[in-house]
């Protein structure tokens, strides 16, 4: 009878330890954001754009800081000089040497309008959010979900 109790205790202990290991291995975002709607006017998320076959129309002055701009043959032209938080007054001409850009964030929309219930807390990192008056409010604080996080079944 004592052996049976010891086996049950060891089995129970192994199950509890297994659950603890499983829970600690989970990637849980503990950030709790409040649901507050309608305070942001729009968001800008600098994204990679264009290709050698489908060039973009921009110049180094108007290109976003943090994004690199390349020619059709892949030669580096410049890093963008315009900060989305404080845009520079730049000429609107297209630099014929620039074909495409590579930005740290490359998926999703560049312009988010309307923002719905997005807040600074729920907004994506690397995206800049502005009030309805066009003034910079904040940079997003949440990680952007992966493209195929929940594949269709």
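Glycine is treated like the rest: Cβ placed from N, Cα and C.
Given the structure is predicted, the values throughout are model-derived calculations rather than measurements.
Note: residue 33 (disulfide bond) has non-local neighbours 119, 121, 122, 142, i.e. same-chain residues 6+ apart with C-beta under 8 A of its own C-beta. Here Swiss-Prot flags 33-121 (among others) as disulfide bond, drawing on similarity to another entry.
Neighbour density for residue 37 (disulfide bond): within 10 A of its CB lie 10 other CB atoms from the protein chains shown. According to DSSP, residue 37 (disulfide bond) sits in a coil region rather than a helix or strand. Per Swiss-Prot, disulfide bond is recorded for 37-117 (among others).
A coil conformation is recorded for residue 127 (disulfide bond) in the three-state DSSP classification, outside any helix or strand. What Swiss-Prot lists as disulfide bond is 45-127 (among others).
Annotation source Swiss-Prot lists disulfide bond at 57-94 (among others). Counting only same-chain residues six or more apart in sequence, the Cβ atoms lying under 8 angstroms from the Cβ of residue 57 (disulfide bond) belong to 94. Residue 57 (disulfide bond) falls within neither a helix nor a strand when secondary structure is assigned with DSSP, and so counts as coil.
Taken from Swiss-Prot, the feature disulfide bond applies to 60-78 (among others).
According to Swiss-Prot, the feature disulfide bond maps to 61-90 (among others). Residue 90 (disulfide bond) counts 14 other C-beta atoms within 10 Å of its own C-beta, drawing on all protein chains shown.
Residues or ranges marked as disulfide bond by Swiss-Prot: 67-103 (among others). Spatially close to residue 103 (disulfide bond) yet at least six residues away along the chain are 46, 47, 48, 49, 64, 66, 67, 68, judged by Cβ distances under 8 angstroms.
Here Swiss-Prot flags 120-138 (among others) as disulfide bond. Under the DSSP three-state reduction, residue 138 (disulfide bond) is assigned to strand.
As annotated by Swiss-Prot, repeat '1' applies to 30-86.
The annotation repeat '2' is assigned in Swiss-Prot to 87-146. Here the repeat '2' (87-146) has, by DSSP, the following mix of helix, strand and coil residues: 0 helix, 14 strand, 46 coil.
Swiss-Prot lists 1-25 with the feature signal peptide, giving sequence analysis as the kind of evidence.
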C-alpha spacing of residue 61 (disulfide bond) relative to residue 78 (disulfide bond), in angstrom: 9
Position of peak Cβ density within 10 Å, selected from the disulfide-bonded residues 67, 117, 120, 138: 67
Pairwise Cα distance for residue 138 (disulfide bond)/residue 45 (disulfide bond) [Å, integer]: 12
Rounded Cα-Cα span from residue 60 (disulfide bond) to residue 127 (disulfide bond), Å: 20
Cβ-Cβ distance under 8 Å to residue 60 (disulfide bond), same chain, at least six residues away: 69, 77, 78, 79, 80, 81, 95, 98
